[in-house]
């Protein structure tokens, strides 16, 4: 059944609207002085509120329900802890560090996040993209060539102990500096900065990073030692060098890699297919690590076939040590990139789970929590962390309700570090590389964004492709900078080329749509822009208005100017001040949907332009304009003046309050 509505009211101008609405002059906001005084006042409730905001665990842990949450958190924590062990050791290789430092990274930062974090479901720790970003810095500042020593037989060899120790210093310094950046941004409530990293940019960047991760692990898969390349196209050079070395592949290592890879892929697919029926996912990564270590140790694969293994894993914890501040100047740019990328991944996952389970994640507090995790972890020889999608999904799907699950996973990692870490010394590095390969599946599935974006938004597709290409070809640091720059240009491009349209009334309704489809009102043109009018597109707005209204008032103004001042050249009327209307702002006021303000002056010659087009009124629908600057105000004044000169009345409709105040 069709329902018809008939609305009848008087046409209101601005002054009449204020009268009807009983506009008041009072302000609901306190004065600036009062707000400053209020912010400086200290009371027990205010102090308690501040402490609970900065240390969220004090708010939810006293109310922790053992009956409702304990079992789920215990099972979830054990499952995630089992994942931390292989992933921690494997991702440490990406950072060009020894595997034990990946275990440290899976321990301390998790405990810090438990205290300061606001997400209940994400699993903080090692992550492939952040690890490869750290590894690019450690290899750049501590290449093998800097640690060459004379061997006993006269040949040069690498002092691995000195190299690895310096790489740990670099990683810790970078991590602490990244954490400081995150804390500072969080303290000044700058969490919104990550919104400038659009989803296509983040997904394109992580997919490109996955390519770097993949290529970096090929040397372990084939048992070759390619040269190290830095700078743009380093990934291409590395891939070419690996292909050149393929005839030197160590067949035993390749066999170990292929067997481990096959087992991991098959069992992970089983986990995915039967995740609704399995009470817990099969911990295949841990099983493969244990099996590979046992086989390598008892079959003597290291001595017989030269299989490259993890080597010494010291038991116990390291004493905290201050980072080397002299390295800050060399890693400051990389630290900021790690801080932003790590936070972007962390907050996107956190908000996803928060939306699913109906709670709120504080973006600024997450920035502080992640910064403290990195800063504190850097003192305990950890490298930078963020949340992992695979571990977070397991933590949520196995019943985890709070970050108590993170504490339980840390206990499992702690037991491993203290008691059983040394048992993994014969673990082949090739097995760890296969674990990395398998966990890249989710990132490479993001390649399916390309056909989806092609159908939905080609500008976002362009951002994705440019980000992916620049990340692959220019490396992670330059790739991120180029990606952000291009994303900003894409945003500017969109505002520079909005859609302009003349609206017409749909018959028998009060709806107004584009006249490409619907007929316009005779004598009246309703002009609308799809975006905010500001200094970069004000001139185009004026040109589009003249084109759509079929009135080139600028030509008239230019002929008058040339006659009076003998000027030549093009005049940008958006920037021209109108001296006749500078003192008459009331003539360009705004009102609601039926706003009426007009300027009308005429002469016989000018009136002919309007008569020829049959237009006597133009309504500017500026409901999409959220702010105005000086150029916009001047442009609107010039429109009123110039169209008024040919006896065409100008009306503004749909003004927002801040636009009205600016005018």
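Quick reminder: no glycine exception, Cβ is built from N, Cα and C everywhere.
Just so you know, TrEMBL annotations never went through curation; they're auto-generated.
Between the stretches 170-192, 193-215, 216-238, TrEMBL puts its transmembrane segment entry on 170-192. Per-stretch counts of Cβ pairs under 8 Å to the transmembrane segment (404-424) identify 91-116 as the leading one among 91-116, 122-138, 170-192, 254-274, 327-349. Per-residue pLDDT, averaged along the domain 'STAS' (514-663), amounts to 66 for this model. Between the transmembrane segment (286-307) and the transmembrane segment (254-274) there are 3 or more Cβ pairs closer than 8 Å, counting only residues 6 or more apart in sequence, so the two stretches are in contact. When each of 122-138, 254-274, 327-349 is checked for Cβ pairs under 8 Å to the transmembrane segment (91-116), 122-138 comes out on top. Counting Cβ pairs under 8 Å to the transmembrane segment (327-349), the top-ranked stretch among 122-138, 170-192, 254-274 is 170-192. Within its own chain, the transmembrane segment (122-138) has Cβ neighbours under 8 Å at 80, 84, 87-88, 91-92, 94-97, 102, 105-106, 109-110, 113, 167, 170-171, 174-175, 205-206, 209-210, 212-213, 216, 331, 334, 337-338, 341-342, 345-346, 349-350, 353, 370, 373, 383-388, 391-392, 394-395, 406, 409, 436, 439-440, 443, 475-477, counting only residues six or more beyond its boundaries. Tertiary proximity for the transmembrane segment (170-192) is limited to same-chain residues at least six positions away from its ends with a CB under 8 Å from its CB atoms, namely 95, 97, 101, 134, 137-138, 141-142, 321, 323-325, 327-328, 331-332, 334-336, 338-339, 342-343, 347, 362-368, 370-379, 381-384.
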